[in-house]
């Protein structure tokens, strides 16, 4: 309680006394904590534990969310992964019955575990890889078991002293020879897993035979369980939603060709800064080709594993898988030139505008035609058809290459045309690569018995001004336009009448040529005028 002592000499009225008390500065209260008390010592550690638990829960929630997002992404990329997981679980469950059921366990004993191990080791995502591993494992186990028993029999004839010596020599020789065989490229590509299992099985049989008298029983149980596990694995993989690795190889080659075609289609507009929607929009096509540069290992692995697959669908028995490797090699050669072209898109040093204007028409023409030819080849492969629609584009690219060569003739300064000449040289090389790819794809279509293509129809929308036969595209478009007008409206001018007469004459000539070439032509002339014009153009190309 506040007490104020005033001198007795000072006598203040009550009002002044209250004002004095209100203006008096009272000391602020100070809170004193006793840190030596037990309550303060326990509050701080509990707070830290609470914060740690809270942060741990947040991190756990974040990891679970990230895992769910990653799992969803994997499923969306390839839904076959979920089916493969169930297939592996089913195969392991079926093989485990040999260990759980007493009648089956009495027949195989503890060796039934080898069947489970076989399923886990050889079950792969695709049919080809699973069949390759399964057959390699079974054949290697059979041969190694037979040789191991033979080594035990021969070593046993030498007596107790010579038996371990001979067994050691046999193991040393077999391990040395088979390990060296694994370095052979052909053996490593298809039989590497089998050679490794051969060494393992031979060593187990030959070494264990020195201490055990039941070598034949051990080898028999091991072989039987491996065969059972391998057969169940291959049957589940083959008949339950099979994943064909040959189809993956086919789609990969077709996709790589399509990526190169997309780059070449957009290269002209990107290099010369033309107003094109594709150039202004998404430019991912400029980087998609880079996956082709490093696809050699993947293609070789897929081709080796696809050779184990039986005939299925469009892929008959003994399908020409090596031809895919040839197409892949040609595609990579083209991709290397495309990669060199890509380096000139964003280069700080560019050719002079005059030189660019001089070669712009031919370069755009060449790259566009080559890109469309590659896309047509890719589309034909995906449909398993012998496509001839790429041939006109290849002819157009050849004509553009000749124009591009002639553009550099004359008295020009070498330093001015050096960069432009490099780009032109790469584009001309790409024409040759495109032609080689087309020949390899046509050869694949012949070897694989692809379906016959439909009647070849001239492309409607070309970015070039000259067709393969040398006929200007403007004349062809004018002929088409006049025929549409002739069927829509009566002839109203002598000019239209002359065009109609010339078109009718060309149709009649084409019909006579088709009748004289084949008594049963594939093309029927009772068609709309637009299709007739296309047929006329194609017959002009052929003759």
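From the backbone N, Cα and C atoms, a Cβ is placed for every residue, glycine too.
Per TrEMBL, the stretch carrying the note transmembrane segment among 62-81, 82-101, 262-281 is 82-101. Between the stretches 113-131, 284-302, 303-321, TrEMBL puts its transmembrane segment entry on 113-131. If you look at the transmembrane segment (223-245) against the transmembrane segment (161-181), you find fewer than three C-beta pairs under 8 angstroms, all six or more positions apart, and that falls short of contact. Looking at which of 82-101, 138-155, 193-211 has the most CB pairs under 8 Å to the transmembrane segment (113-131), the answer is the stretch 82-101. Cβ atoms under 8 Å from those of the transmembrane segment (82-101) belong to residues 75, 108, 112-113, 115-116, 118-120, 123, 125, 225, 228-229, 232-233, 236-237, 240-241, 243 of the same chain, restricted to positions at least 6 beyond its ends.
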